[in-house]
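Shown next, in structure tokens, is the structure this report addresses.
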Amino acid sequence: MEGKVVIGILALQGAFAEHQSALQKISSPRKVCSLLVRTPDDLVNCHALIIPGGESTTIALLARLAGLLEPLREFTKTKPIWGTCAGAILLAQSVENAKKGGQELLGGMSVTVTRNGWGSQLESFEAPLFVEGLQDSQIPFTGVFIRAPVIQALDSSSDHPPIHVIARLPVGKVPKSEAHVSSDNDNVDPRRIVAIRQGDHLLTTFHPELTKDGRFHEYFVRTCVLPLLSP
């Protein structure tokens with residue numbers, strides 16, 4: 001696969017097929033190939049990785065059973081990773097509202113998230129997002145939130161790369177389950193943050209793969225992956 005950019009997609013559970021379809025459609029100066037990752041040997045062949053939405057505890061359990069948990073943790077230290085929804089939970093440094101027995105995490109991003117923070121599947125919603133750095137950024141991206149995690153805190157420690165917030169929920173566009181909770185300053189309320197970049201890692205609490213808009217996949221390849229590869 002010399003000369004190609006190989007983006008792995010963790011394919012143990014969740015919306016991995018949708019990510020693969022989205023990657024096949026993006027435009028990039030280098031040819032982008034996707035690889036469904038189910039074993040440590042698959043992971044070795046990847047320049048970067050996407051962890052899809054699904055069920056975070058199930059993905060973590062299946063990763064452990066496949067012998068992938070520790071290789072994934074090592075991968076986060078040197079390679080770009082993008083976590084969407086459940087994948088965002090796995091990339092967090094800590095999680096609240098975990099299932100009984102706890103939640104195994106990969107870490108890699110200095111955030112605390114709440115699992116199912118917006119409530120049940122009945123409280124799923126969509127929201128227009130204006131995303132910094134996206135192609136045609138003046139055109140909103142439709143964020144699809146399904147049992148989405150909520151970012152509760154950002155750790156801006158000097159020991160880690162700076163965190164860049166690239167998308168927030170519009171003011172007042174919060175689900176009913178959180179509508180009763182207000183902030184003294186809505187602009188700094190971390191619960192409105194739905195997409196961040198830290199170093200070469202990307203985290204989105206929603207599902208870009210469930211839209212026909214490939215701009216987030218193009219953004220990940222362009223800003224997180226290609227700069228780390230040799231010409």
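Using N, Cα and C of the backbone, Cβ positions are placed for all residues, glycine too.
TrEMBL does not curate its annotations; it predicts them automatically.
Here TrEMBL flags GLY54, GLU55, SER56, ARG115, ILE146, ARG147 as L-glutamine binding site. As annotated by TrEMBL, active site, nucleophile applies to CYS85. Residues or ranges marked as active site, charge relay system by TrEMBL: HIS207, GLU209.
The least crowded of the recorded positions CYS85, ILE146, judged by other CB atoms within 10 A of its own CB, is ILE146. The record gives GLY54, GLU55, SER56, ARG115, ILE146, ARG147 for L-glutamine. Within 8 Å of the mean position of their Cβ atoms, the other Cβ atoms in that chain belong to GLY14, GLY53, CYS85, ALA86, ILE89, ASN116, PRO149. Proximity to ILE146 (L-glutamine binding site), defined by a C-alpha to C-alpha distance within 10 angstroms, is shown by the following active-site residues from CYS85, HIS207, GLU209: CYS85, HIS207. Comparing C-alpha positions, GLU209 (active site, charge relay system) sits nearest to CYS85 among the recorded positions GLU55, SER56, CYS85, ARG115, ARG147. Here the C-alpha separation of SER56 (L-glutamine binding site) and CYS85 (active site, nucleophile) works out to 9 Å.
Taking Cα separation as the measure, HIS207 (active site, charge relay system) is nearest to CYS85 of the recorded positions GLY54, CYS85, ARG115. In this entry, L-glutamine is bound by GLY54, GLU55, SER56, ARG115, ILE146, ARG147, whose most widely separated C-alpha atoms sit 13 angstrom apart. On the backbone, the CA of GLU55 (L-glutamine binding site) and the CA of the residue listed as 'active site, nucleophile' stand 9 Å apart. In this structure, the C-alpha atom of the residue listed as 'active site, nucleophile' lies 7 angstrom from that of GLY54 (L-glutamine binding site). For GLY54 (L-glutamine binding site), the same-chain residues 6+ apart in sequence whose C-beta sits under 8 angstroms from its C-beta are GLN13, GLY14, ALA15, CYS85, ALA86. Taking the Cβ of ARG115 (L-glutamine binding site) as reference, residues of its chain lying under 8 Å away and at least six apart in sequence are, in sequence order, SER56, ILE89, VAL95, GLU96, ASN97, ALA98, LYS99, GLN103, PRO149.
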